[in-house]
Amino acid sequence: MERSYASSSSGDMASLSGTGTRSVRIIPLQHPSPEKAAGPPTAPLVERVTARLRGMSGEEWLSALLPCSRWMRSYRWREYLQADLMAGATVGVMLVPQAMSYAKLAGLHPIYGLYTGFVPVFIYSIFGSSRQLAVGPVALVSLLVSNVLGTIVDSSDELYTQLAILLALMVGVLEALMGLLRLGWLLRFISHSVISGFTTASAIVIGLSQIKYFLGYEITRSSKIIPLITSIIQGIHDFSWPPFVMGSSFLTILLIMKHLGKSGKSFRYLRAAGPLTAVVLGTLLVKIFHPSSITVVGEIPQGLPSFSIPHGFEHAKSLISTAVLITGVAILESVGIAKALAAKNGYELDSNQELFGLGVANICGAFFSAYPSTGSFSRSAVNHESGARTGLSGITMGVIMGCALLFLTPLFTDIPQCALAAIVISAVIGLVDYEEAIFLWKVDKKDFLLWVITSVTTLFFGIEIGVLVGVGFSLAFVIHESANPHVAVLGRLPGTTIYRNILQYPEAYTYNGIVVVRIDAPIYFANISYIKDRLREYELNASSAHRGPDVARIYFVILEMSPVTHIDSSAVQALKDLNQEYRARGIQIAIANPNRQVHFLLSKSGLIDLIGKEWYFVRVHDAVQVCLQHVQNVTSKKSGSSSNETIPKRQSGYLQSLLKQDSVPELPPMLEPLLHENIV
């Protein structure tokens with residue numbers, strides 16, 4: 001009983017048979033006409049965008065301009081309200097002391113940390129697309145601000161604060177532009193190994209920079225580990241026990257509460273209450289004992305931030321590189337967290353809308369004395385674990401911060417500096433991603449090397465150089481992979497018409513005189529030379545076949561092109577050269593299963609006619625059957641095969657004569673059937 005196959009064109013199956021061989025059936029490949037090959041006319045980009053905008057409904061416009069309207073329309077008051085209010089209040093209590101701590105890390109007065117946790121939080125809740133992301137000051141961005149501005153002006157100078165606020169405006173503009181221009185895909189070229197290595201090294205630098213509040217003496221402000229350690233060792237004679245004992249105690253309390261908060265749902269609020277506990281205990285100890293060796297925050301202005309235009313634009317040019325760096329780090333941190341939270345909560349996240357929301361939040365924050373803000377991993381995790389369902393939790397955080405600014409700042413005067421330092425250190429300990437390094441070592445040594453290079457460079461040469469080197473190596477690996485794609489020799493799995501990599505499936509059959517090659521990448525100018533080298537190598541070093549006629553050389557090279565998503569003009573020209581080179585040596589190229597776009601380009605370039613339309617196939621199996629018959633015919637000639645043999649001709653007249661044959665001759669003894677008669 002014969003098995004039938006549906007044709008891609010007419011639904012019929014063409015049959016071939018040759019002298020000394022049985023008939024084979026192939027699916028005809030429908031070639032594009034010149035009109036179809038040209039493809040439909042493409043409308044200009046402006047027209048396409050205009051048409052898309054005109055087709056948007058009022059509801060779609062509202063969702064695009066105000067993403068908060070998406071959750072507002074479907075808000076379930078009874079189910080969501082209590083959870084959002086509780087989560088927002090929990091994270092708000094956590095944000096107040098953290099904001100002051102991160103402002104100190106950035107070299108700013110603590111009030112600017114509170115300002116950064118106020119206006120941007122409200123704005124992001126309106127324009128951001130994530131419903132659980134907690135926006136505000138974070139350790140990594142604070143370190144970048146301190147590291148760059150410290151080389152321009154002293155942190156005690158008013159210009160330092162002005163430049164930090166100006167940075168927020170510049171970062172916001174960059175983020176908003178990237179969102180509007182839909183450029184978020186650029187960040188995909190930065191490997192996760194780079195981010196992990198950079199974050200780990202930065203966390204170590206942050207921890208060492210904050211240890212001065214534990215030791216009781218000043219150390220050098222630097223983003224490099226050697227100057228920090230040297231400064232710590234040189235000032236050891238000024239060591240003071242009281243701040244060390246107090247800071248270490250607070251750090252221990254914070255780590256215990258964080259651990260308990262992660263251990264179960266009943267203790268989850270301990271994690272958020274940790275920073276507040278350290279601040280309250282530290283303030284009480286200072287008010288009761290008045291220790292002279294413990295430095296405190298000092299006076300903090302009371303009231304909400306006033307509207308003001310950022311200053312220091314004459315220094316904007318020197319801040320561009322820093323703004324780009326902060327933008328990249330902030331986006332990677334925020335979008336990565338937001339995507340993970342969206343997946344956990346079952347809604348879709350628009351990365352470009354997320355960039356725009358972060359940008360608007362930073363732009364508005366800059367007009368209310370905020371320095372650059374972004375999504376916080378620790379606060380977002382607490383927000384999610386506390387049951388936040390919508391952006392109302394973010395609005396609640398902003399209300400808590402507003403209340404702190406209006407009524408609680410007099411209470412912050414006696415907060416010990418070592419308590420704020422303990423909050424920062426406890427937060428960044430979780431950023432030391434040694435588990436990722438262990439995982440990469442087990443899974444992918446190349447990514448582990450990338451992790452090590454980025455972290456070591458960041459530690460010893462600074463943040464900017466560390467990021468540049470990490471991104472440079474990441475791009476180099478991408479380019480190397482693209483320029484040296486995976487190319488596999490295929491063989492037929494026994495009893496099937498499936499062809500797979502012979503290295504992965506050693507039992508797969510290969511056939512003398514034929515080599516089947518699969519190119520697992522787009523073919524373009526950067527990798528065509530590598531692909532040609534591999535094809536020559538496979539031709540010269542063909543593996544010892546176990547099936548087919550006994551021939552001494554290759555007659556056919558079949559290219560399986562289903563994984564090839566794109567081919568450019570350089571690759572087309574190289575394939576033409578390769579075809580000419582093969583013809584001179586009596587080798588025929590056959591193409592199997594090109595996709596629509598590749599097929600059109602091959603047709604427009606004339607490569608289809610150059611190779612021959614009859615040498616294009618829907619399936620690899622069809623190509624192998626036809627080529628195998630030609631190889632068998634060559635071996636049956638009395639003259640024998642030699643290196644001067646011409647390329648077999650597969651002409652329509654020949655096909656027609658074969659189609660007229662009714663009988664199926666027996667195969668020679670040396671040729672095993674491709675499949676049993678009933679399933680070919």
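The backbone N, Cα and C atoms fix where each Cβ goes, and this holds for glycine too.
Where the annotation comes from TrEMBL, it is an automatic prediction and has not been curated.
Per-residue pLDDT, averaged across the domain 'STAS' (504-627), gives 87. As annotated by TrEMBL, domain 'STAS' applies to 504-627.
Look at TrEMBL and you will find 80-100 (among others) tagged as transmembrane segment.
According to TrEMBL, the feature transmembrane segment maps to 106-127 (among others). Panel annotation: around the transmembrane segment (106-127), residues 66-68, 95-96, 98-100, 133-137, 141-143, 145-146, 149-150, 155, 160-161, 164-165, 168, 221, 297, 300-301, 304-305, 356-358, 360-362, 364-365, 368-373, 391-392, 394-395, 397-398, 401-402, 404-405, 409, 412, 420 of the same chain, lying at least six beyond its termini, place a Cβ under 8 Å from a Cβ of the stretch.
The annotation transmembrane segment is assigned in TrEMBL to 134-153 (among others).
Under the heading transmembrane segment, TrEMBL lists 159-181 (among others). For the transmembrane segment (159-181), same-chain residues at least 6 beyond its ends with a Cβ under 8 Å from one of its own Cβ atoms are 106-109, 112, 116, 145, 149, 152-153, 310-313, 315-316, 319-320, 322-324, 326-327, 330-331, 352-367, 369-373.
Within the chain, the transmembrane segment (193-215) has long-range Cβ neighbours (under 8 A, six or more residues past its boundaries) at 105, 139-140, 143, 146, 221-225, 228-229, 232, 235-236, 238-240, 243-244, 247-248, 295, 329, 332, 336, 417-418, 420-422, 424-425, 428-429, 431-434, 436-437, 440, 447-448, 450-459, 463, 466-467, 470-471, 473-474. The transmembrane segment annotation in TrEMBL covers 193-215 (among others).
Taken from TrEMBL, the feature transmembrane segment covers 239-257 (among others). Same-chain residues lying 6+ beyond the ends of the transmembrane segment (239-257) with a Cβ under 8 Å from its Cβ atoms: 213-217, 270-271, 273-275, 277-278, 281-282, 285, 291, 293-295, 416-419, 421-423, 425-426, 429.
Annotated transmembrane segment per TrEMBL: 355-371 (among others), in sequence order. For the transmembrane segment (355-371), the list of distant contacts is 67, 103, 106, 108, 112, 115-116, 118-121, 123-124, 127-129, 135, 137, 142, 145, 164-169, 171-180, 184, 305-310, 330-331, 334-335: same-chain residues at least six beyond its ends, Cβ to Cβ under 8 Å.
Marked as transmembrane segment by TrEMBL: 392-413 (among others).
Annotation source TrEMBL lists transmembrane segment at 419-441 (among others). Nonlocal intrachain contacts for the transmembrane segment (419-441), taken as residues 6+ away from its ends with a CB within less than 8 angstroms of a stretch CB, comprise 97-98, 100-102, 104-105, 110, 139-140, 193, 196-197, 199-200, 202-204, 206-207, 210-214, 246-248, 250-251, 254-255, 258, 274-275, 278-279, 281-283, 297, 377-378, 447-448, 451-452.
Feature annotation from TrEMBL assigns transmembrane segment to 448-479 (among others).
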Review point. Any chance the transmembrane segment (80-100) and the transmembrane segment (448-479) have 3 or more Cβ pairs under 8 A, given the pairs are 6 or more apart in sequence?
Key: no
Check your understanding: Using DSSP, how many residues of the domain 'STAS' (504-627) fall into helix, strand and coil, respectively?
Key -> 55 helix, 23 strand, 46 coil
